[in-house]
Amino acid sequence: MTSASIGRTHDRWWAPWLFLAPALAVVVVFILFPFTNTLALSVTDATLLKPGQFIGADNFVRLWSDERFRIAMINSTLYVICVVPVMIAAPLVLAALVNGTTRILGFFRTAFYLPVVMSSVIVGLIWTNLLDQRGLINQLLGWLGAIDTPIGFLSDRWLTLISAMVVTVWTGLGYYMVIYLAAMANIDRSLYEAAAIDGAGPIRQFLHVTVPGVRSTSALIGLFSSVSAFRVFGEVYVLTGGTGGTGGQNTTITMLIQQEGTGLQAQTGYAGAISMVMFVVLGGLLAAQLWFQNRGGDK
Amino acid sequence: MTRFFRYVILLGFFLLLAGPLIWQLSLSFKGIGDDLYAQPPQIIPSDPTIRNYGDVLDRVPVFRYVLNSVIVALIVVGGNIVGATLAGYALARLTFRFRGLVTALFVVALLVPIEAIIIAQFLLVRSSGLADTLLGVALPTCVAALNVLLMRNAFQGIPMELEEAARIDGAGVWQRFWHICAPQVRGVMTVVAIFSFVGAWNDFLWPLIVLSGEENYTLTLGLNRLRGTFISDPRLVAAGTIIALAPILAVFAMLQRYFFKGLQAGGIKG
């Protein structure tokens, strides 16, 4: 990397800074400054209309006994616990199934990836039509005689949360599938041949060659999907019609930040404290992910 | 035999993933004569019509929303291509004081989750008078740290000799960037462009916070209104979502191979 410094023409000292200026400006102004500002807000009683006084850790003490925060924390955490294992396992199975060069497999790959490019609002609306009291799923269950009264997929507390999780998984499967496909391309082919000679069928080849071969990718996807599961917003917002469910029973952390921090009643200081909690959880996960990615890249 | 099972399972997944879309498409063409709640459910409309599409367009200014989304997406895509390419070049190919520090700054920015700073971002945008404007929606993401680092990686992959030769011939830094290095990283620039576009097009939380006037709504916000306005008629909701899906699916169909490439260029290796 040092060869650039022994060149014949000498660049002006400020040339690199001109190149950096737009990116640096945006990142400093819109990411780093708001971050320090969030930190500062979190120890004040600021609202949208007044700057607020320093109140030390009061906001965090208040969080501790805030029922809404407790519910949001439970919902977001449950989201991670339930969604992440599925995101690690199911896309791997999918990737193993669509791995190949035939046209039909290519078609399946594309089809499975499709939901990834859709916005959470569109996906939420599509699934609202399916999960509604009179939606397709209740219709099918009724027709099959499995139920007498429609199931409240979008009204019951836990069913709503599970429905949102299903939507999240539905949207994300294709994304992680492609990541697994890339990892599988790096597995040594002779391992499969050796396994086949030993008499291993496709399922045992999958379990004994593919699964261990993508282990580090699985761990990475675990971190990746934990971060995005904890941040969940759009699916839950749309499925609950923006309310977070009856009495806020389906509120997630991001929804709580949005509810507390916006509108004329906004308590920006308190929302800042919730944001800091989120930052600590996600920052930790993101840092782990980055560390892991660098380590994985060195191999 | 195992091949048979393989395709059966694939078909099962296909139904799970494509089924909801097919049902939505079917709903959007169902007319008044259709019993939406027939048992068994009908996939093929018995009274097919395109009226639902007309009705949605009449009642909701979809084209206005699309235009707003396009404006935001153009600013974001343009900003990311220009900003990330320039900065990536400087970080990868130029030596200067504090280079390590600046690189670290971008890494730190990458680690800050947007949700955790979104209220402070809003206060900033509001105090600069950009609340409820499309510029306010676009600015915070118009150069993403991730893209800067992606471009830096791309530039680092170019052999030094290539640029060195031009340098000996007296090429200045701008000429070396524009004529020699930038053309080499066009692929990654495309990836940055596509992912910026999809990100901007699909973003929901930030526009929801920044925009208040309906005339400024982006498509995702406008669509969200469908749930309130038309909840009684799933046909119209379906038609609305199909209209909203069309552009992004077209982009996807045209640029498919870059989507797959992009995910893999994201630095994820097994």
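Heads up, the Cβ atoms here are built off N, Cα and C, so glycines get one too.
For B:66-255, the entry in TrEMBL reads domain 'ABC transmembrane type-1'.
The transmembrane segment annotation in TrEMBL covers B:65-89 (among others). Residues 106, 134-135, 137-139, 141-144, 147-155, 177, 181-182, 185, 189, 192-193, 196-197, 199-201, 207, 216-223, 247 of the same chain, all 6+ positions outside the transmembrane segment (B:65-89), place their C-beta atoms under 8 angstroms from a C-beta of that stretch.
If you look up TrEMBL, you'll see B:101-124 (among others) marked as transmembrane segment.
According to TrEMBL, the transmembrane segment annotation covers B:130-150 (among others).
According to TrEMBL, the feature transmembrane segment maps to B:188-209 (among others). A Cβ distance under 8 Å defines the sequence-distant neighbours of the transmembrane segment (B:188-209), meaning residues of its chain 6+ beyond its ends; these are 69, 72-73, 76-77, 80-81, 84-85, 114-115, 118, 121-122, 137-138, 140-141, 144, 147, 150-151, 153-154, 182, 217-221, 224, 247-248, 251, 255, 258-259, 261-262, 265.
The transmembrane segment annotation in TrEMBL covers B:236-255 (among others).
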Subject >> Cβ-Cβ under 8 Å with the transmembrane segment (B:236-255): same-chain residues at least 6 beyond its ends >> reply: 24-25, 27-28, 52-53, 55-57, 59-60, 62, 66, 190, 194, 197-198, 201-202, 219, 223, 226-227, 230
Original post:
Which residues, given as numbers and ranges, are at least 6 beyond the ends of the transmembrane segment (B:130-150) yet have a Cβ under 8 Å from it?
Top reply: 68, 71-72, 75-76, 78-80, 83-84, 87-88, 91, 106-107, 109-110, 121-122, 188, 191-192, 195-196, 199-200, 203, 206-207, 210-213, 216, 218, 265-267
